[in-house]
Amino acid sequence: MDKKTRLKLDGVIVCEGKTDQARLQQLFDVSVITTNGSALNQRTINLIKAVAKKQPVILFLDPDVAGQKIRRQLEQHLDKYESCFIARKDMKPNSTKIGVAEATDAALIQALQQRQVFTKTTQPTLSWEQYLELNLNSKSKRLALCNKLHLSYFNHKQLFRKLNLLQLTFDQVCQLLK
């Protein structure tokens with residue numbers, strides 16, 4: 001896409017590396033901060049925290065172990081952030097790597113359109129007892145819910161935490177499960 005047809009985004013995207021940055025700026029008119037992969041340092045964390053006070057921060061990290069680790073590390077420092085998720089199936093055909101730079105244009109655009117806002121709260125919107133009532137005992141049920149929310153897969157404790165960060169109530173989750 002040329003500069004005239006790139007989609008304008010509000011906020012700053014946080015991604016892992018320079019190839020991710022180049023790929024995102026090829027499609028979107030947006031500022032990008034890179035973490036330099038798993039070499040995320042306190043200086044970069046402080047920069048992201050400062051930016052988050054003034055404009056939306058969008059975490060757009062690879063769907064691999066390193067990307068999940070960076071995401072968890074940044075989540076600890078941010079009170080509010082937006083998050084995009086891409087799946088392994090969203091990679092370009094014949095791609096040997098799995099990441100933002102290797103995802104299809106359509107997958108990147110869709111992930112940004114379906115991004116979720118996460119907010120730390122002192123009062124959970126969903127209790128552990130309510131969560132257990134949802135009967136998300138099987139991985140397939142949790143995966144189906146994660147897919148409806150455009151999230152990567154999470155285990156029980158992680159999903160419970162994410163649902164609260166999304167500020168979803170018991171009734172809202174029940175509606176999603178129908």
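Even glycines carry a Cβ here, placed using N, Cα and C.
Feature annotations, courtesy of Swiss-Prot:
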- Glu16, Asp62: Mg(2+) 1 binding site (BINDING)
- Asp62, Asp64: Mg(2+) 2 binding site (BINDING)
- 10-103: domain 'Toprim' (DOMAIN)
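Fewest Cβ neighbours within 10 Å among the binding-site residues Glu16, Asp62, Asp64: this applies to Asp64. Glu16 (Mg(2+) 1 binding site) and Asp64 (Mg(2+) 2 binding site) are 11 Å apart (CA-CA, integer value). Annotation note: Asp62 (Mg(2+) 1 binding site) sits in a coil segment as assigned by DSSP.
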